[in-house]
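Undergrad: What follows is a single structure, and I will ask about it in a moment.
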């Protein structure tokens with residue numbers, strides 16, 4: 001019996017959240033083509049035979065002077081030290097520079113190099129990219145090109161991970177797929193709906209605060225606030241005749257209901273808090289974990 005923690009690390013938009021959902025077999029983490037979509041750690045748990053693998057999805061590595069982004073990067077770096085193993089994700093379209101920066105981290109556990117988005121190219125380009133990483137072969141334990149549209153890759157990745165985990169009793173009940181607080185999961189489902197429903201810079205200047213969750217036998221009631229920094233952004237989030245906020249609510253309820261398997265009553269409000277992203281205490285205590 002093995003059990004251990006595996007941190008998913010890589011630059012923004014490398015496909016970490018998509019891979020987490022693929023490996024766990026459930027939609028846990030928000031997925032968006034917009035960069036820096038992931039703001040909180042989300043843990044997913046997968047069983048492979050008798051072995052338990054706890055995945056930690058983290059914000060993407062990037063350079064930024066903004067307080068919120070710095071805290072997001074700190075979350076990602078800290079998760080490396082907390083892990084038994086790292087999956088470093090690199091898009092098939094990227095060069096090796098991000099990986100070389102990762103190798104400069106002194107205290108890091110063993111890692112597997114995952115090449116993502118291979119479905120967007122051909123076998124020749126995949127082989128060429130594998131050749132570019134071959135010079136680092138003494139650094140990684142394995143390198144795996146992955147196409148998450150094909151289920152066969154799931155077993156291959158989990159098998160390689162299980163080989164490297166320590167012998168340990170289960171950290172969590174093997175029947176659960178996440179130990180992340182439901183508030184954080186529901187919050188990200190709502191934020192993902194915001195990302196899909198509005199364009200431009202609005203999602204980057206907004207976040208979600210879950211105020212209350214009331215669970216009953218057949219229904220869960222959720223009260224939440226979408227926080228943004230200007231009245232003009234608030235009007236965009238509301239939309240003409242309330243169309244946008246209605247669309248956000250419909251998408252959010254479906255995602256939460258699909259996950260929780262119960263009927264959802266969602267009360268969404270929009271709250272303006274100017275400069276919230278520069279309020280370090282607010283960001284630390286409410287938005288980034």
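Cβ atoms here come from the backbone N, Cα and C positions, even for glycine.
Okay, so Swiss-Prot annotates it like this:
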DOMAIN    2-167  domain 'Era-type G'
REGION    10-17  region 'G1'
BINDING   10-17, 57-61, 116-119  GTP binding site
REGION    36-40  region 'G2'
REGION    57-60  region 'G3'
REGION    116-119  region 'G4'
DOMAIN    186-274  domain 'KH type-2'
Undergrad: Sort the residues of the region 'G1' (10-17) into helix, strand and coil with DSSP and give the three counts.
TA: 2 helix, 2 strand, 4 coil
Undergrad: Out of 10, 13, 16, 58, 118, give me whichever of these binding-site residues has the highest number of other Cβ atoms within 10 Å.
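TA: By the 10 Å Cβ neighbour count, 16 comes out on top.
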Undergrad: Tell me whether residue 58 (GTP binding site) sits in a helix, a strand or coil according to DSSP.
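TA: Once the DSSP labels are grouped into three classes, residue 58 (GTP binding site) ends up as coil.
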Undergrad: What are the DSSP helix/strand/coil residue counts across the domain 'KH type-2' (186-274)?
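TA: Helix/strand/coil tally for the domain 'KH type-2' (186-274): 44 helix, 30 strand, 15 coil.
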Undergrad: Which secondary structure state does DSSP assign to residue 118 (GTP binding site), in the simple three-class scheme?
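TA: It is helical.
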